[in-house]
Amino acid sequence: MINRSVFEFQLLGLDDVTKEQRFVLFFLTLLSYVVILFVNLTLIVTIVVEEKLHQPMYIFLCNLCTNSLYGTAAFYPKFLFDFFSKSPTISYSGCLLQAFVIYSYATTDFSVLVLMAYDRYLAICRPLDYHSVMTKKRIAVLVFLSRLVPLFCQSAVLIMSSTLELCDNHIQKLYCENWSVIKLSCSSITNNNIVGFILIFFYLSHNLFIVCSYVKVIKSALKSKEGRTKFTQTCVPHLLCLLNVTCALMFDLMYARYGSASGLQSVKNFMAIQFLLVPPILNPIIYGLKLTQVRNMISENCSY
């Protein structure tokens, strides 16, 4: 058995990548990270600076973009460094920390999207109650909980993973994630599996809540031209973001557990990083293009 106190994992995701391919992939990865930083910071700064955007929906959007910066910071700097290493490694504690940050980022996205759905439900279905319900204090509490609950859930997963005795140190991915560590265990992982599935269903239930709220939103929106306009401008980008995040994360979770071990490593690598690449880029772009107020504010700031 391996002593966890001196343990180091080997990340094997780049093993089959040639030197020439690494050079190209390094610059593509760097470009992707620069784009992620630019589009998310642009939206965050615009919302923070412009008082007209200090509204619940934009505050939640700002939280979504901040979360993207938090999650991608746990992956891209280390991944860029690994291109220059013949055999990328990561310490035991560093591995658990990376897995914790990446998956708390992913689950926080779901929590924030639920808040945005609730905000749209109130704005369209109960407009007269909107300002009395969405007070500054309530918004602060909701934002706090949207970050606290995922941190608590991932802390439970992290504690359970840290108690396992491991018999190997090879991770067939570009980064550390909980399931890859659990699979290296010498003992039973039944409890870890049960907790993992409970969390998967818990966050999938967020989607059910959003779908139910949108059924009511659509019914209400169809009754008036103003409601249809609100739905098109604010709800459509939210649904696109939800679809984006759900598909990307479910691909990763299902492929990690049930994907073929004999598949092309390049395909497995793409499946593993897409939720760290696609949502952080597309979410702010979707909102920046679809929300008229945000788009106008960005245009005005750029003109100066």
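Just so it is clear, glycine is given a Cβ too, placed from its N, Cα and C backbone atoms.
What TrEMBL says about a protein is an automatic prediction, not a curated fact.
Note that the structure is predicted; figures quoted are calculated from it, not measured.
The annotation transmembrane segment is assigned in TrEMBL to 23-49 (among others). Among residues of the same chain six or more beyond the transmembrane segment (23-49), those with a C-beta under 8 A of the stretch's C-beta atoms are 17, 58-59, 61-62, 65-66, 68-69, 72, 76, 79-80, 83, 277, 280-281, 284-285, 287-288, 294, 297-298, 301.
TrEMBL lists 39-287 with the feature domain 'G-protein coupled receptors family 1 profile'.
Per TrEMBL, the feature transmembrane segment maps to 56-76 (among others). Long-range contacts of the transmembrane segment (56-76) within the same chain: residues 29, 32-33, 36-37, 40-41, 43-44, 47-48, 97-98, 101-102, 104-106, 108-109, 112-113, 115-116, 119-120, 123, 134, 139, 143, 146-147, 175, 234, 241, 273, 276, 279-280, 283-284, 287, 293-294, each at least 6 residues beyond the stretch ends and with a Cβ under 8 Å from a Cβ of the stretch.
Annotation comment: TrEMBL describes 96-118 (among others) as transmembrane segment. For the transmembrane segment (96-118), same-chain residues at least 6 beyond its ends with a Cβ under 8 Å from one of its own Cβ atoms are 57, 60-61, 63-64, 67-68, 70-75, 78, 90, 142-143, 145-147, 149-151, 153-155, 157-158, 161-162, 175-178, 181, 199, 203, 206-207, 209-210, 213-214, 238, 241-242, 245-246, 249, 275-276, 279.
Sequence-distant contacts of the transmembrane segment (139-160) (same chain, at least 6 residues past either end, Cβ-Cβ under 8 Å): 56, 59-60, 63, 67, 96, 99-100, 103-104, 107-108, 110-112, 114-115, 178, 191-192, 195-196, 199, 202. Residues or ranges marked as transmembrane segment by TrEMBL: 139-160 (among others).
Taking Cβ pairs closer than 8 Å, the transmembrane segment (194-215) reaches residues 107, 110-111, 113-114, 117-118, 120-121, 153, 156-157, 160, 178-179, 182, 235, 239, 242, 246, 253 in its own chain, all 6 or more past its ends. Residues annotated as transmembrane segment in TrEMBL: 194-215 (among others).
If you look up TrEMBL, you'll see 236-258 (among others) marked as transmembrane segment.
Taken from TrEMBL, the feature transmembrane segment covers 270-289 (among others).
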